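Dropping the structure in here first, questions after.
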């Protein structure tokens, strides 16, 4: 599907582990005031000056979380950072540093890793985080990425998954379901390509959802917006595994129930049209799709006037007593229990 | 070589990702004052109360860094934490938290991961660190482990790789070369086992070096000892890749040279006898072996009286002007340039 642009190929053996890390990270400069020492010693050193420190980590595995036949390495580097920053923003904190570790088989030339780090660098630049560490080693098969993100926040600003109260409003940023559908389009094109390697896919009609899959953004802007609007969510989580699974996490940890209104779920027009094309139910896609990296949070009803005018924030339901359970209220006004349909990487 | 004790086998699919993380981490309690929130939210939350934060990360890959045919999973869990804590101690800091992520193929039953986490738990308990996060996902092949360790220190206590001055003494903790030789013994027994699966290896004569390989300790005790002795090293690094490679790191970053005295290098008697058996040069093993996780540091000569009586600390050389280069002074008083012989995982 993708043209091989690696005209030049430098083998990883030639550089070795030390040379490789030095080479890949040489252009990363520390910009955060909290970053004192980055790559190059036994550990990085940070100073959060009395703020609380927030840490999250995620692993991405080739063939499980991504497919290099349609995922450009630069995008993959960008997305690996986004996935982790998203967890920091979901704490209502601001991300400040990342460490990026790779296990990579010898089939990757140096130039491929350079592309990956270009994506890491772009993410660091746009989201103002510093790369302060990592490890590079060989794998027997494929590429495995492990990112740890660190952020800082004042104690009073941190928002957990617990804290929702009955009658709180359930709010989602942006729209959902796009990343999952983008993956379906890319998988379909991959099958077409297998049959006819000369086919040129026309992804233009799907550009929004394909970008949601290949180059997602995390919602730092929404954390900043909420601060500007003077709204502190009562609970928050990011949408990595699908709306239904995240709602269940909030409900379980906050010990509340929830009514989610089907007609309120924000869907991009491309999601609706592609669902029709794929004969998929758009609500199911939104509930179970995953990888949208939007924020899902609850607010006190008193805060509703502050957010109601904002096109990025959609009220999609409200919390209830725990005994009332977790339900989807359909367009036909029937009440369907929500169960976790989230993605489980151990099911193949 | 090892008896299969997994009578009970629970498949990972049955638990799924969320159930798995919950299950594996349910018995981990937070004990560090700096750990506010551990596993279970989007991120862990820590409070270092004005201390500097020190972060390091490492990846371990099956077939590259470890071989499950002789590495029990509990030991592997323990060692994975040790490898990372060692980097924190090498900053003269005290480790406080770890995150542990696993990518694991479906061939591992739940009970295998439980064993791994038993080792993680033991390491956390003995070294007083909290497990505060991690990720568990599937891999296409084998087991990949990514650990991030976090520590704290007052700014004035932190020791970097740079800071050595000419005439500083070069000091190593414990003894070196054992972990590498332990690996040679285990590899030999593995070959024997392949030929005759009924053979019972007698590892007793090698117990010290086999334990150095399978269940290494990191030198928190030495960081505490140096504090008690009121010695602040001028530069420090941990020995993960072999003495020669670590000396070169100190010299490069401190912009100094070094004379290392062959006859001063501390070797356990088992290392000497096993080197004879394997017809290996013990100095080469000490220089290039790796995985000892001892600390290598330099001190001002004025501090020598404070350390000289301690059997855990051995002066093995002194630093020089950078222009004099980095040399091994042999028993025959010849001067041999030291070059990096450290381990490169990309060479197969």
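Positions of Cβ are set from backbone N, Cα and C atoms, glycine also.
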Let me know which member of B:202, B:221, B:238 TrEMBL also records as binding Mg(2+) 3 at the site of B:42, B:87.
B:238
Name the one residue among B:117, B:208 that TrEMBL lists for the same ATP site as B:134, B:135, B:161, B:240.
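Candidate listed by TrEMBL for the same site: B:117.
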Starting from residue B:291 (substrate binding site), work out which of the binding-site residues listed here (B:56, B:58, B:117, B:161, B:240, B:241) have their Cα within 10 Å, and give them in sequence order.
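Among B:56, B:58, B:117, B:161, B:240, B:241, the ones whose Cα sits within 10 Å of that of residue B:291 (substrate binding site) are B:240, B:241.
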Look up residue B:58 (Mg(2+) 1 binding site) in the DSSP assignment and report helix, strand or coil.
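Where residue B:58 (Mg(2+) 1 binding site) sits, the three-state DSSP reduction gives strand.
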Please identify, among the binding-site residues B:56, B:161, B:241, the one with the smallest Cα-Cα distance to residue B:135 (Mg(2+) 1 binding site).
B:56
Given the binding-site residues B:56, B:57, which one has the fewest other C-beta atoms within 10 angstroms of its C-beta?
B:57
Between residue B:57 (Mg(2+) 1 binding site) and residue B:240 (ATP binding site), find the distance joining the two CA atoms and give it rounded to the nearest Å.
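Residue B:240 (ATP binding site) has its Cα 13 Å from the Cα of residue B:57 (Mg(2+) 1 binding site).
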Given residue B:65 (substrate binding site) and residue B:58 (Mg(2+) 1 binding site), what distance in Å do their CA atoms have, once rounded to a whole number?
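One finds 11 Å between the Cα atoms of these residues.
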Highest CB neighbour count within 10 A among the binding-site residues B:42, B:58, B:87?
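Most Cβ neighbours within 10 Å: B:87.
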Using a Cβ-Cβ cut-off under 8 angstroms and a sequence gap of six or more, which residues of the chain neighbour residue B:240 (ATP binding site)?
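Result: B:83, B:86, B:246, B:290, B:291, B:292, B:293.
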Using C-alpha atoms, which one of the binding-site residues B:58, B:161, B:238 comes nearest to residue B:42 (Mg(2+) 4 binding site)?
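Smallest Cα separation from residue B:42 (Mg(2+) 4 binding site) among B:58, B:161, B:238: B:58.
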